[in-house]
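In what follows, a structure is listed as structure tokens, so that the remarks can point back to it.
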Amino acid sequence: MRRLRKNLVVIAGLLTLAYMLLPNVVVMLFSFNRPAGRFNYSWREFSTDAWRDPCGVADLCGSLALSLQIAAWATLGATALGTMIAFALARYRFRARGAINSLIFLPMAMPEVVMAASLLTLFLNMGVQLGFWTILIAHIMFCLSFVVTAVKARVMSMDPRLEEAARDLYAGPVQTFLRVTLPIAAPGIAAGALLAFALSFDDFIITNFNAGSTVTFPMFVWGSAQRGTPVQINVIGTAMFVIAVLVVVAGQVAAGRRKRTDVS
Amino acid sequence: MTLTDTTPAPPAARTRSARKRLVPYWLLLPGVLWLLVFFALPMVYQASTSVQTGTLEQGFRVTWHVATYWEALAEYWPQFVRSLVYAGTATFLCLLLGYPLAYLIAFRAGRWRNLLLVLVVAPFFTSFLIRTLAWKTILADGGALVGALDALHVLDVTNWLGWTQGDRVLATPMAVVCGLTYNFLPFMILPLYTSLERIDGRLHEAAKDLYASPATTFRKVTFPLSMPGVVSGTLLTFIPASGDYVNAELLGSTDTKMVGNVIQSQFLRVLDYPTAAALSFILMAVVLLMVTVYIRRAGTEDLV
């Protein structure tokens, strides 16, 4: 009983973790289902049909490719613009600093549906054709603040003496930036870029408002919830999960090995 | 300023320092312009749309028809209240469920810490819509979970509270709140973990040395020190949950519609832009107001 009480927090924590992971297990399991009707909600029998033909549903892989493409461009745009802002905020004193900080913070403190709706009113009033470009514009807009936050934290914690040292050793401003500043800021930029990619790839609410008839992967899943959910959706969800976990584990192992060789 | 400076300086140096002073502005320009045009300007357009009248065929014109706001509120206040209640409940549940896990990872995990952190983020690797659809399977009528809840008489209690109906969980408020809680849990756990992890372990020892029981230590030391995480966690959960319409649509019924559902259908299906814009504007105002008051009360101004 005493041991139980001592480990209560461990038990509660693990139960929460189970709650968080249960849907992933269900998604994985049901990628091997052969559903009776159009919806893949109840188990019927084991089958690997969907795994053998992941693109077998019309438009599914097209929407996936589109989402990857948009996420790549949005990451590039948001990371470039966000990194520049982060450097300006972390390194320089200038006027209107408070206003710019608020402008960065507000998109993160706003329900997505509000940003989505207001951006749509802009496009409607301007008569802009909805599609690829309006999605990309929206994604860069809402990813920007997250990149700024990630990069700014890294640049702020950087030791300014490293750059002074570089300059004392006769490195020019460009050389100092490329050889010293950028490599140190790189983990922050990478974290911001990764976050932007994940946010853009999985965004539904803002995309739903500004996509017109263009179908991204989340839009495809949303539509299928009305028309019938093909098993292939689960296959893609599972594949993405497995690939991402493998990448993370590989990264951890590599980092661990590097640390060990550093010590020895 | 430099150009009107009276101290003599070689002209080359003068233009150079002026150029240097402009560096931050050049760095800011593209990104800030992007946010101004695609974030701030749309807010103005939305405000203007909310006071327009007209029809889709003849077009909408600004007529300062402020009554749209009252009409929208009069018609959709139940969805509004529901959004705030659902989002508030989900936020509370996230705190309740997330705190033990964040605590476990910060203080008790040892060498498992990194693995547990990866597992907290891992659900994100599958699209959140697919995962939300999985709840349809988990909460299915006559499924294992609902059967167990029924056998344990949990459903009797939740029926009495009005959270569920009969022997169903799907298409009830409980399903929607469960989905919201599930979807935003990581946003609660990560900031909680960050602030718990920063706590100096020696403070716990000190509390113990001063004869504080574990419960008192938690109440007087750990929890107060984790407040920044609690504040940012609740904000990161409540804000998106209040505007969410995915969970209400996929897991709920017509009786569980939230304000996001109304804005979405007015904008994309009914095409009543003024009402939709007014509702979205009210939601924004309410959320910003609540956030400001909350941050003031919690006393953490520097969140970013």
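Yeah, the Cβs are placed from backbone N, Cα and C, and that goes for glycine too.
Values in this document were obtained by computation on a predicted structure and should not be read as measured data.
Annotation comment: TrEMBL describes A:7-32 (among others) as transmembrane segment. Using a Cβ-Cβ cut-off under 8 Å and counting only residues 6 or more beyond its ends in the same chain, the transmembrane segment (A:7-32) has close neighbours at 40, 43, 46-48, 50-51, 231, 234-235, 237-238, 241.
What TrEMBL lists as domain 'ABC transmembrane type-1' is A:64-254.
Counting same-chain residues at least six beyond the ends of the transmembrane segment (A:70-90), those with a Cβ under 8 angstroms from any Cβ of the stretch are 97, 100-101, 104, 132, 135-136, 139-140, 143-148, 150-152, 155-156, 185, 188-189, 192-193, 196-197, 200-201, 216. According to TrEMBL, the transmembrane segment annotation covers A:70-90 (among others).
Sequence-distant contacts of the transmembrane segment (A:102-124) (same chain, six or more residues past either end, CB-CB distance under 8 Å): 85, 89, 130, 134, 137-138, 141-142, 144-146, 148-149, 205-206, 208-210. The transmembrane segment feature in TrEMBL is assigned to A:102-124 (among others).
Taken from TrEMBL, the feature transmembrane segment covers A:130-151 (among others).
Beyond its flanks by at least six residues, the transmembrane segment (A:177-199) meets 71-72, 74-75, 78-79, 82-83, 86-87, 139, 142-143, 146-155, 158, 162-163, 166, 171 of its own chain at Cβ-Cβ distances under 8 Å. Sequence annotations record features per position, and here TrEMBL assigns transmembrane segment to A:177-199 (among others).
Positions annotated as transmembrane segment by TrEMBL: A:205-223 (among others).
Beyond the ends of the transmembrane segment (A:235-255), by six or more residues, the same chain brings 24, 27-28, 31, 50-51, 54, 60, 64, 217 to within a C-beta distance below 8 angstroms of the stretch. Under the heading transmembrane segment, TrEMBL lists A:235-255 (among others).
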>> Within the same chain, where does the transmembrane segment (A:130-151) have neighbours whose Cβ lies under 8 angstroms from its own Cβ atoms, ignoring anything closer than 6 residues to its ends? I mean 6 or more beyond.
In response: 66, 70-71, 73-75, 77-79, 81-83, 85-87, 89, 104-105, 107-108, 112, 115-116, 119, 123, 185, 188-189, 191-193, 195-196, 199-200, 203, 206-207, 210-214, 216
